[in-house]
Amino acid sequence: MSYLPSSFDSDADDLDEMPFLDKMIYHCKQQPLVPLGTLATTGAVLLAVLNVKNGNKRKAQIWFRWRVALQGFTLIALVAGSYIYGTNKNERESHEEQLRKKAKMREQLWIQELERRDEETKLRRQKAELARQKAKEMEQETSKLQQELKDLEERLKK
């Protein structure tokens, strides 16, 4: 039986082997709002620091408030993304289970097809062997008849 490639391996095995940058990109694709919230929070902190440095306390306070709101948004995005990703993972696992069953069914059908073809080949070989035997018998019978014909011709000559 040939090796069937596994198309339903989990990503967890591959995730451990990924380099850091690839892991980061993978997770950012899984939960795109979290990096956006983090960048927005960082921007708010930077603007608040710049306003503090310039002496504009009122704008600095506004940007610090934005920082808190954006951190809250990031946290909510993180929790919501984890929940959504968890439900999608369960759906994917059930889908993967269906794919496994389908692959197993295809494998069984392929095995049955191979067995059917093997039986057909055996039947053809048996028929060919019978035909060879029959041809051999016919050849022997033909040689006997030719011998009888020669004998009869010799008798007629005498």
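Each residue, glycine too, has its Cβ placed from N, Cα and C.
Residues or ranges marked as domain 'HIG1' by Swiss-Prot on the basis of sequence analysis: 5-96. When pLDDT values are averaged over the domain 'HIG1' (5-96), the model yields 84.
For 32-52 (among others), the entry in Swiss-Prot reads transmembrane segment, with the evidence type sequence analysis. Non-local neighbours of the transmembrane segment (32-52) in the same chain are 59-60, 63-64, 66-67, 70-71, 73-74, 77-78, 80-81; each lies 6+ residues outside the stretch with a CB under 8 Å from one of its CB atoms.
Under the heading transmembrane segment, Swiss-Prot lists 68-88 (among others), citing sequence analysis as support.
For 88-158, the entry in Swiss-Prot reads coiled coil.
As a summary of secondary structure, the region 'Disordered' (128-158) carries 30 helix, 0 strand, 1 coil according to DSSP. Swiss-Prot lists 128-158 with the feature region 'Disordered'.
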Worksheet item: When DSSP states are grouped into helix, strand and coil, how many residues of the domain 'HIG1' (5-96) land in each?
Response: 80 helix, 0 strand, 12 coil
